[in-house]
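**Q** So TrEMBL says this about it:
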- C210, C292, C293: Zn(2+) binding site (BINDING)
- 6-307: domain 'Hcy-binding' (DOMAIN)
- 351-370: region 'Disordered' (REGION)
Amino acid sequence: MAPGKKGILARLDAGEIVIGDGGFVFALEKRGYVKAGPWTPEAAAQYPEAVRQLHREFLRAGSNVMQTFTFYASDDKLENRGNKQSFTGAQINEAACDLAREVANEGDALVAGGVSQTPSYLSCKSETEVKAIFKKQLDVFIKKDVDFLIAEYFEHVEEAVWAVEVLRETGKPVAACLCIGPEGDMHGVSAAECAVRLVKAGAQIVGVNCHFDPMTCVKAVKMMKEGVEKAGLKAHYMVQPLAYHTPDCNCQGFIDLPEFPFGLEPRILTRWDMHKYAREAYNAGILFIGGCCGFEPYHIRAVAEELAPERGFLPAASEKHGSWGAGLEMHTKPWVRARARRAYWENLRPASGRPQCPSMSHPDSWGVTKGDSALLQQKEATTQDQLKQLFDRSTNH
């Protein structure tokens, strides 16, 4: 950590708001640097300039945590389903740590090394085997001396607990996020109980990320907070949701939506939606507030602008953004200048512009989770026969 910078726990203990960044895999997929499907972060080593620039945009937007672009960088994921492994997990993670540190040092930001759920767990590998995967990733984070660690995107609290138990051995602060909603994890463990287990395992910060929209995620974290407090335990709380509206999702989240992953744009939250999210999260007692898939830097800027009174400053990117549309006062058209006010944007109901487009979808709801043969992972590419079985099942579902 750079001299003079407070650590993550010191900031949260002091009641400071910590703003995370956004969803790198989705943002970089749209920019042409990540392949949808594997969702692996080779770009950290292959296209470092793209990753560095995105870090800088989030920093300028107000983020003070640079999360290493190491999502799904375990070796078992890098070689899953025929994904060609041009870089090792260690090479990717080292490059990602260097990029995050470089940009974090350009501002008052911390570096967080992250691990996520593994194909090995879904294939019912043992606790020892899964923990060895986390340990292998952790070696790089220790070598690069990240400021704290995040275990994120876990559908099953059991695997998240295993991750926390490995991460806590470093002595660095540990945050743990499940990708669950108010219904709990994929094996039916309640959100409250999940949080209790994570805190008992050694996580000092607990919460949720991905899979659901901001308000749903905030609701889930509220339940986690109530569970932790009822158990007589203490923790800090974080939330890093999707930037998509998901009112029609079930417990599996947005990956069950028929629009996932290439038709989600009509669901994107506006910057004004993000103001509401930031306020709701802060009022719920959540101090670590960021984003996941779908979040772009302008979304994080909205979070930072909403919480500027509490933080005492605006992000650098606000230089190019008037509060609540104030910049429109300079527009050439009078009807657009009339929109330069908070009341207009707070009460707007955006239209999709798509005739006969439904407002809700029907999730696929296959009901498949760990222990189901359909979730067994493989190194070989998915065969055409395997795909036909899936196509047939989807048609008949």
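Here the Cβ of each residue, glycine as well, is placed from N, Cα and C on the backbone.
Where the annotation comes from TrEMBL, it is an automatic prediction and has not been curated.
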**Q** Which residues, in sequence order, are found in the same chain with Cβ within 8 Å of the centroid defined by the Cβ atoms of C210, C292, C293 at the Zn(2+) site, excluding those residues themselves?
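**A** Everything else in range on the chain: G23, F26, Y153, C179, N209, H211, Q240, P241, L242, G291, G294, F295.
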**Q** Which residues of the same chain, at least 6 past either end of the region 'Disordered' (351-370), have a Cβ under 8 Å from a Cβ in it?
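**A** Distal contacts: 121-122, 124, 155-156, 186-187, 247-250, 252, 256-259, 266, 393-394, 397.
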**Q** Can you tell me how many other Cβ atoms are located within 10 Å of the Cβ belonging to C292 (Zn(2+) binding site)?
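**A** Other Cβ atoms found within 10 Å: 30.
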**Q** Enter the number of other CB atoms within 10 angstroms of the CB of C210 (Zn(2+) binding site).
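**A** I count 27 other Cβ atoms within 10 Å of it.
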**Q** List the residues of the same chain that sit at least 6 positions away from C293 (Zn(2+) binding site) in sequence and have their Cβ under 8 Å from its Cβ, in sequence order, or write 'none'.
**A** G23, V25, F26, C210, L242, A243, Y244, F254
**Q** What is the number of residues in the region 'Disordered' (351-370) that are helix, strand and coil, as DSSP sees it?
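**A** Tallying H, G and I as helix, E and B as strand, the rest coil: 0 helix, 0 strand, 20 coil.
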